[in-house]
Each structure stands twice: as structure tokens, then as C-alpha cells.
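**Q** What TrEMBL records for 40-70, 82-101, 113-131, 168-191, 211-234, 267-285, 321-340, 360-390, 441-463 is transmembrane segment.
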Amino acid sequence: MSAIGRYWPMLLVVGCPLFFWVSPHPVGLSVETWRMVGVYLALLSGIVFRPFTDAVIVLIILGFGSLFYGPEILLKGYGNSMVWFILVAFLICRAFAITGLGKRIAYLLLKKYGRSSLGLGYLMLLTDLALAPATASNMSRTGGITFPIFRNIAETLGSQPGPSARKIGAYLSILMYVISMGTSTFFLTGMATNSITASLAKQVLDVNLTWMTWFVASVVPSGLLLLAAPLIIYKLYPPELRILKGIKEIAEAGLAELGPMKRSEKILLILFLFAVLGWMTGAYTDISMQAVGLAFLAAQLLTKVMTWDDLIQEKSAWATFVWYGGFFGCATVLAAGGFYKWLVTIVQAYVTLSDIGPNVAIVTLVGISMLARYFFVSNSAFVVSFYPVLFTLGLSTQASPMLIALSLGFSAGYGSLLTHYGNGAGVITFAAGYVPQKTFWGLGTAMALISAIVYYVIGVPYWKLIGLI
């Protein structure tokens, strides 16, 4: 590889802010806002092309950028409650792994309901769904709790990567990815990307996606997809082993290894139930989901369910906090400087989506968002970089802001199914080695298209019926 081939991503990161610094600003934008566009594009280029990790890219740009823009401007994002909520959500999910409560929930469900491969698929669904409200990192939830248990079950039943993969392991692997993205879209707190979408929707569309609003909107379309997913995959990619034997013994062995329910598990379970209640009633109590999350974490520290050492070991949480805080800060400055409103005028001048109906507009926006997924290995990076533009484009159409926010918000989840690298859960389930890439992509694409149809054919009329749009 040539020197240019090795270093062009970094050259692009450095070149963006320099270009916007020396080029004249357009009519309608201030010099400061125009230059901030350069910083934003530099961050985007770094996260897409990854000459370094996301957090390192942000720190490099913030460090050198502070010499020209002032740190008080670039660091604004770290004072935003949504940025802190994402950090807290990652830290909360660590408690389920540390205490063993996540595994205990799964084994108890397995002992009671595991009878067949299809039943095991629904059991996996119930396990992930039960953990989803309080585990905003679906990669941690799926990769650290749910999938390891069910992969171990597959291996115990004689299904290994290779010739025996189709016995049951392949079915569970691809289904796990589908379920993970389904439970991720079911709750606002089911995936960190949802919170990013909500914050951008508020910024660009002036739409307030609360925990309860998201849940009410998703419960019918997402619920139908989750209920159908194990059966659809069962028909498209059937396991060789249909009736299961010895499941009760596996569950009992797992529970015996965990031992009696520990004090930390009992406390976490109580706190978890209170947190879910708090998120569900936020619209009535005026207590934000960020406040509930911070209180949940504080209570865990107070009761010693987790310690500071436990928190600092969750490296992905702090890395996400660093890169998203920097990105969010730039987006906040752009919004305050009128960049997104200016972009609307540009879009309206050159794009004719305003002449088409809201239904066609939504299909077009969702289609664009799904096609773009092939170029991103980070779900969060995709939403942060693409959704401000798509939301802005949506404002130039006849579709309602809430319809735009919900349609694109849910597609951020199921759109990940197009590839095995579209979300961390896909990376983990594919890396297990049970499903060939061609099959993984094919089944994922089929489920993504089915999901898009369900949200459009069932979701949109349902949202109209309940008065959301």
C-alpha cells in the first residue's frame, strides 16, 4: 500500500477544518459556524474511516481545535444530560454481568420454558427483552449475557461451528442478531443509538421522544416483529434438531453454579424494577429518563452493588462518552448557529422531495438510510453523521416531524441487519462461526425488509390511530 493509501484518512481529517478555515463562508452562516462545519466533518471523517479509534480521533481534533475555537465551545457537549445518560446506561448494564443477575434470569427462563428449538428461540427472545429496558448497550446485553448462555446450550447439544452448525447453533446465532435489534428498538433505553436519535430529533425536528412515547410507538410494530422473528427464521433457516432433550438439566447446572441469589442481585433487581417504573412514568412525574438513570447508578454505588473500580473497567462506556460528547458539542454549536436551518434552505432549493407525498417521502428517507448502512461499521456513528441530514431533508417534505423521527428512529435498529458489521451484536453472533457470511447477510436483509414493511404497513396506521402523527 502506498504512503497516500495509508495516510489519506488522517489527511482528510486534518484537511477538513483547514479548508473551512480558509474558504469564504456562504451567505446565511457566520464565519464561526462555517468553521465549525469543518470540525464536524473532520470528526465524521475520522469516525467513518477510522485512522484511529473514535475516542482518539475526537481527542485529537478537540485538542488542536481548541487552539483556534476555544475549549469552552468544543467541550459544550460534555455538559449535556443526554451524553451523560448514554454513559450511565453503559455503566448500568455492567451491574447485570458483575452480579450474575443477567445469567440467573436466563437460566430460570430456560428451566421453565425450554422444550424445543423453536421454544428456545422464544426463550432467547424473552431473556433479551427482559434485560433490554436497562441495558442500553445491546452489544453488552447480547454479547455478554444472552448469547453466551444460548451458545453454550448449542454446544452442549452437539452443535459446533462446521458440519454440525445447522443442528441448532446456526439458527440461534442469526436469530440472536435479529432479536437483539428487535429488543433494541422496543425501548428507548434498549440501545444507546436510540438516545442519540432522540437528542438529534429534538435538536433538528423539535420532536420530544420520551421513554413512554417511544415505547407506545414501538409496542405494536416491534412487538409483532419480535413475536414473528423466531418462527420466520425457523422457516427460512430451520435447525436440524427440533425437539430438545436435557434442557432442564443444563439450566439446573447453571443455577447450581451461580448458587443462592446474592444480596447484590436482590438489590439490583429491586433497583431495576424501580428504574423501569421511573422510565415508564416520566411523562407524568416530570422526572427525566436521565435523572432516573443517574439515580439508578447512584443507588448501585450507595448499596455497593458496584464500585468505582467496576465503573472504570467499562472502557467502552468512557470511550463512547468521549467521542459522542465531542460530536454532540459540535452539533449543538451548529444548531445554535443556524446551520441546520440553513441546510434546509439549500435542500429545498436543490431537492424536490417537497413535491411528493408524505408516504413516498418516508419510504425515500428510510431507503436512503438503509443503503448508507453498508458504509458504516458503527451504528452510533451512522446516526450521528447521517440523521441530522436526513432529519433536515425530512423537514422539506410534507411528512410530519414525528413521523420522520419515528420512522428513522426505528430503522436505525433493523437497518443494522443488512450486514454483520452494522452493529456490535452482529459482530459477536457472526464471529461465533455458525453462519456463513452470504447466508448471514441474506437472512439479515430479508428481516430488514420485512421490518421496514411492517413499520410502514402496520406502524404508520397505528401511530395515526393513537394520535402520535
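Each residue, glycine too, has its Cβ placed from N, Cα and C.
A TrEMBL annotation is a machine prediction, not a hand-curated record.
Tell me about the surroundings of these features in the structure.
**A** Sequence-distant neighbours of the transmembrane segment (40-70) (same chain, 6+ residues past either end, Cβ-Cβ under 8 Å): 7, 9-10, 12-14, 16-17, 20-21, 32, 318-320, 322-323, 325-327, 330-331, 334, 375-378, 381, 384-385.
Taking Cβ pairs closer than 8 Å, the transmembrane segment (211-234) reaches residues 117-118, 121-122, 124-125, 129, 171, 174-175, 178-179, 182-183, 185-189, 194, 198, 279-283, 289, 406, 409-410, 414, 443, 447, 450-451, 454-455, 458-459, 462-463, 466, 468 in its own chain, all 6 or more past its ends.
Only residues 6 or more beyond the boundaries of the transmembrane segment (441-463), in the same chain, are considered here, and those with a CB under 8 A from a CB of the stretch are 174, 177-178, 217, 220-221, 224-225, 229, 232-233, 236-237, 359, 362-363, 366, 370, 402-403, 406-407, 410-411, 414-415, 417-420, 422, 426, 435, 469.
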**Q** Of the listed stretches (82-101, 113-131, 321-340, 360-390), which one yields the highest count of Cβ-Cβ distances below 8 Å with the transmembrane segment (267-285)?
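**A** Most contacts with the transmembrane segment (267-285): 82-101.
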**Q** By a Cβ-Cβ criterion of under 8 Å, what residues six or more beyond either terminus of the transmembrane segment (113-131) are in contact with it?
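**A** Residues 96, 102, 105-106, 141-142, 145-146, 149-150, 153, 168, 171-172, 175-176, 179-180, 182-183, 186, 226, 229-231, 233-234, 239, 241-244, 247-248, 251.
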